[in-house]
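Undergrad: Could you have a look at this structure, given as structure tokens, before my questions?
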Amino acid sequence: MEELEKTQKFQKKKKQQQEKQDQSSPINFEMSSRSSLHSLPQTTIESPPDSPTLSSIPDSHGSSPHTIIPTPSVAKTETPFRVTNGEEEKKVSESRRQLRPSFSSSSSTPRESKWASLIRKALLGFRVIAFVSCLVSFSVMVSDRDKGWAHDSFYNYKEFRFCLAANVIGFVYSGFMICDLVYLLSTSIRRSRHNLRHFLEFGLDQMLAYLLASASTSASIRVDDWQSNWGADKFPDLARASVALSYVSFVAFAFCSLASGYALCALRSI
């Protein structure tokens, strides 16, 4: 009897243990599943810019702690950009640095090159006229010595000496400028607009034009005064011829100064 009671108690204990194990098994399974979910690596899914993004928030009904619901997203705007190579950047920088248009032979139009060539030839013609008139003027003035019944000479009057000196200076300057223009026309070289050539040429042409004008005026006044005092003679006639040629030199230098002034104002190489 005692053994039967012991066996019955033992069987009851086994049944109780089995029931406890059966009750604890679903809890352990749920805990293990939760731990496995947390241990998995989190992966992010990139959504297109127009589709709504997804965010995880806990469900209010408590069905699962990781319920995924859509949320609206803000569209991203990208600023457009342009890829340029090094050559284009250099061209852009050079065009920004360049403040004045270039008047080189490659960029000039046929009309501009023809106009520049015409001005060169006209300037050369005026230089030749000034050169010849100055040469003849001071030659006639130098030859006016011991002429007429009075045997008077030009070096006795400062007005005639002044006219002689002005024509000599104009003769030398015109000779140098003629050589320069002939060289430019023969080699077809355009002058640089960055040097002081145009400023010097315009300034010297103006100075010589005013110098010849004042010298010719003073010499002509002296000739009229001599003739009013002593009458007509060979000496004042030669002096008058020299003064007339000096006026021609003044007109030639005036036109040369106009051409050089155009080159200075237009900043072109002629």
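Positions of Cβ are set from backbone N, Cα and C atoms, glycine also.
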Undergrad: With reference to Swiss-Prot, is LEU4 found on the same side of the membrane as ARG197?
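TA: Yes, Swiss-Prot places LEU4 and ARG197 on the same side of the membrane.
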Undergrad: How about long-range neighbours of the topological domain 'Extracellular' (143-161): same chain, 6 or more residues beyond its ends, C-beta under 8 Å?
TA: 215, 218-219, 221-222, 226, 230, 233-236, 238-239, 242
Undergrad: Tell me the residue counts in helix, strand and coil for the topological domain 'Extracellular' (143-161), as DSSP assigns them.
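TA: For the topological domain 'Extracellular' (143-161), the helix, strand and coil counts are 8 helix, 5 strand, 6 coil.
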Undergrad: When the topological domain 'Extracellular' (222-246) is classified with DSSP, how many of its residues are helical, how many are strand and how many are coil?
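TA: In the topological domain 'Extracellular' (222-246), the DSSP-based counts are 22 helix, 0 strand, 3 coil.
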Undergrad: For the transmembrane segment (162-182), give me same-chain residues lying six or more residues beyond its boundaries with a C-beta closer than 8 angstroms to one of its C-beta atoms, as numbers and ranges.
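TA: Tertiary neighbours of the transmembrane segment (162-182) are 120, 123-124, 127-128, 130-131, 134-135, 137-138, 141-142, 154, 201, 204, 208, 211-212, 214-216, 218-219, 242-243, 245-246, 249, 253, 256.
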Undergrad: Along the topological domain 'Cytoplasmic' (1-121), what average pLDDT does this model show?
TA: 57
